[in-house]
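Undergrad: Structure provided below as structure tokens; questions to follow.
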Amino acid sequence: MSSAPRRPAKGADSFCTPEPESLGPGTPGFPEQEEDELHRTLGVERFEEILQEAGSRGGEEPGRSYGEEDFEYHRQSSHHIHHPLSTHLPPDARRRKTPQGPGRKPRRRPGASPTGETPTIEEGEEDEDEASEAEGARALTQPSPVSTPSSVQFFLQEDDSADRKAERTSPSSPAPLPHQEATPRASKGAQAGTQVEEAEAVAVASGTAGGDDGGASGRPLPKAQPGHRSYNLQERRRIGSMTGAEQALLPRVPTDEIEAQTLATADLDLMKSHRFEDVPGVRRHLVRKNAKGSTQSGREGREPGPTPRARPRAPHKPHEVFVELNELLLDKNQEPQWRETARWIKFEEDVEEETERWGKPHVASLSFRSLLELRRTLAHGAVLLDLDQQTLPGVAHQVVEQMVISDQIKAEDRANVLRALLLKHSHPSDEKDFSFPRNISAGSLGSLLGHHHGQGAESDPHVTEPLIGGVPETRLEVERERELPPPAPPAGITRSKSKHELKLLEKIPENAEATVVLVGCVEFLSRPTMAFVRLREAVELDAVLEVPVPVRFLFLLLGPSSANMDYHEIGRSISTLMSDKQFHEAAYLADEREDLLTAINAFLDCSVVLPPSEVQGEELLRSVAHFQRQMLKKREEQGRLLPTGAGLEPKSAQDKALLQMVEAAGAAEDDPLRRTGRPFGGLIRDVRRRYPHYLSDFRDALDPQCLAAVIFIYFAALSPAITFGGLLGEKTQDLIGVSELIMSTALQGVVFCLLGAQPLLVIGFSGPLLVFEEAFFSFCSSNHLEYLVGRVWIGFWLVLLALLMVALEGSFLVRFVSRFTQEIFAFLISLIFIYETFYKLVKIFQEHPLHGCSASNSSEVDGGENMTWAVARPTLGPGNRSLAGQSGQGKPRGQPNTALLSLVLMAGTFFIAFFLRKFKNSRFFPGRIRRVIGDFGVPIAILIMVLVDYSIEDTYTQKLSVPSGFSVTAPEKRGWVINPLGEKSPFPVWMMVASLLPAILVFILIFMETQITTLIISKKERMLQKGSGFHLDLLLIVAMGGICALFGLPWLAAATVRSVTHANALTVMSKAVAPGDKPKIQEVKEQRVTGLLVALLVGLSIVIGDLLRQIPLAVLFGIFLYMGVTSLNGIQFYERLHLLLMPPKHHPDVTYVKKVRTLRMHLFTALQLLCLALLWAVMSTAASLAFPFILILTVPLRMVVLTRIFTDREMKCLDANEAEPVFDEREGVDEYNEMPMPV
């Protein structure tokens, strides 16, 4: 600076003001006096004393550990950005020096290295230096008791101003030098952002007293608060062009104006280069790790004060993301505003320009050029990571300052860019609400409240000044807003969430953090400017987002329209990147710009580029999805191989430990089918696994969803009980009918729900058991054996077989029952259902043939027919029993229109139930109404067709046979207890032993249905928490069936469709599902109460016998047909039969088509078809009882024969179990698509 000799300043003498009486005529001129004062003030000794004095005021606690951010901060601020020489202590505050504590040791200043080398800085010393500066600044905030707030000055020119005021008391004092005096602000709404163009035009709108100087033209008012002074070195960063006295744009320049005027231009340039340019590798001190034990930062332990202390490192844990793209457009009044044009929760949703409504979610398609432009702008734009701001104006001010510093925009464009950032935000949902506008911008709120203030009231410059083209704002305005608490909302204005907002909030995850993307064209800029901001903490920015979600990231891109850049596409690109899981995790964990660029490169590596050719149809793009899946799979594999090198995952020890715990838990997962090698070991493990949750099985039922599930499952269980009961009565001549099946379902259901390991299973009668009952009844009738007595001995053998299977832990055998066997079984039962339906219908047409038009009135009709018609008429009354199953003269024959009405009832029931099931996944009505209608489709179809039949009084139809009260179906044939030794004649002893063979066959059916159903319910995708018990459930179901045979009740098994429906009804889906994404399971209400109540309600249904007697058998045939047709859904064998008649070019894009040659696929289908034909042939002969044995032979056939014909790769494609739980509402997809099992 100056080479003149200087006297070291002593104490407060360097700040003393000369006495007025000492200024006489003989006093030397003021220029010489000012130069002497300036030399004494700017002396090196004085500067060194200030540093020593500041360093003696305490510091941070030793032992603080530094990171790379601290070192970068130290290099950028402490060594290259110096404090202004005008920031001296006032006289009173300077006298109070903090004495050194008793434990404080004197230390050598690091800059006083005697050797002239670059000294090495201890970390503890660096902390103490920073703390000393901070406490020195805190001392400034405490005025002395004898001083008034207005007597505290902070700048050198203010000290000179005080000297000039004292000199003005002398008559001979000349005109004072230009100065500025700062006084405290009057109120929160003060006008503080006005830049002075002329000294005479200074406006004091908020009580801030400005000077009347004439030489300070072009400089803003300096900010000063009484008793308050704090330094933030990061905010003091400036470019060199701001330091000139004539071109100063900021109030606190790093050099004094007097000093700047005295120095030459070369000296000023040297000063700018020294203070503001960051030359890599120059004057960087070596940092040696300090071996102190304490790891707590000294900043944490300071007492609160006006000096902002450094906060701990910002949490970088990735959150779910919500991205909103806002573009700078003109509204209908031709005023600029930020308008939302797209949003991302997981997929992109665009606003349709014409209708102003949201389009369908879709995968964002980006142009490759926009991605490259985005990477280039990120490489050269402003990147602010962990910005500590809480309001949009504060963030905007920091962004604009960083743009000026990085020379992206000119200094004169600062105000325009700032005003552009603070424009109003509008959303498509704003116009849908007819109430008070939901999003209130700063400008509209100011205009709204302006009518309630008087003329003398002070106004906030944020809401009264125009947004574009007004007076530029200064740092004073934004800092004042940051320091003062946020204003309270005005009375009478409340922010209520609209219906649209609440619906959108349900789709957004609870802990999501938002990203705001602002892009647009502004003509006042000469080139594009960009800023990427990551806030230190997520904050809610008022009137910015469509929904109140805290904002963590902001991206800004402004530029002229003349630039060769598509701002909209670049905004879509960064929005899509932020919605990508890997990239937004990298954005959370990024420490510098290079991390973001690396994440963009990783995104480009997994992106798919389509050639610029015309696509004639969507089928041409089928390979894109497959190729993208391969790229994502490769990306996941690379992430698993290099989790730490990629920098995309947290590296903390806690996260690593948590990951290891999860992996260990997955590896040690308890497999319920794993054998223990001990007798009944699996049963004991099932009891130990499931019974500790017994009490919670009742507590978890206290939920409204469980009550709704009870009503739904009741009808789902009652309809098959009535249907199969009526058909079973037809097959067994009413030895077992509706009453027996209802009682069996109720009793076994209650016991199973109280003792079973998986209470979500619904046990009931099924098609395979119906086929076996018919076959065994035919066998007993042909051999003159008592059917019910034979069932008793089969029941005894069933119990022994179940005990033997559980003791040997044989439930693991269910793993060998592959899709090959399951599909053959399910297809066979579906064919039987369909065949039986039309067989019964043909039989009705044979018993009641169609007559000609004159036949009904002719006299050729004999008296027997007239008498049967007369007998048939009373059956239409509600109090008469149905004559179904009776022989002789009691059963009417040859009735007119009976066959046609039966056909109408059967077809009507089938089509109503079938289309109501389709309606469940249609697009009509809200989803909740559709699900209710679809779930109750079968009861609704039965009710409608019963009313149709009841309304036609002139036509006879055969009704369901149901007894009155608690009675068996045919009391004249049997009772409730069956004698094992024989009812009418002694039962043969050889048959008691031979009953083992049919018992094995029944056990095969029950084992397959129960265990496969348990496997389907227990899939990992269903997220069950309490586990299942294969051995315990099998033992209970088979043992109860054996005991129920003593009472003439039918055997039951786990009904697959009803069990899956029960589990789905108790599944709670997460509402935070992105539009277009698959629904996710939140929890499953695993409890016993719903199954228990359903079983009791089914048992009580026996009292509605009068209502059940009104159901025609033709309606049950329609339900039978419905179950047969719907069971074909999800059977891959049925789909491959279609491919036999389809050209290869029309084959679907599935695994077994793409990975297996067409001829080999057709060969596999032919083998399944051959096995199905063999089973059908067996069931059509007298050996139909052995069909379960033929079915189980398909298991070794698949394991031995097919593995020699097909390769392992082909078998994995053709025989893989790819069925997953179905929860979404895709058309034509429901529970039947999940299981290749019969109904």
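Note that Cβ sites are derived from N, Cα and C of the backbone, with glycine treated the same way.
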Undergrad: Have a look at Asn439, Asn866 and find the one that Swiss-Prot tags as N-linked glycosylation site.
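TA: According to Swiss-Prot, the N-linked glycosylation site annotation belongs to Asn866.
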Undergrad: How big is the gap, in Å, between the Cα of Cys1171 (S-palmitoyl cysteine) and that of Lys272 (N6-methyllysine), rounded to a whole number?
TA: 92
Undergrad: Fewest neighbouring Cβ atoms within 10 Å: which of the recorded positions Lys272, Cys1171?
TA: Lys272
Undergrad: How many of the residues that make up the topological domain 'Cytoplasmic' (917-931) does DSSP mark as helix, as strand and as coil?
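TA: Going through the topological domain 'Cytoplasmic' (917-931) residue by residue, I get 8 helix, 0 strand, 7 coil.
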Undergrad: Summarise the model confidence on the topological domain 'Cytoplasmic' (917-931) as a single mean pLDDT, whole number.
TA: 83
Undergrad: Going by DSSP, is Cys1171 (S-palmitoyl cysteine) sitting in a helix, a strand, or coil?
TA: helix
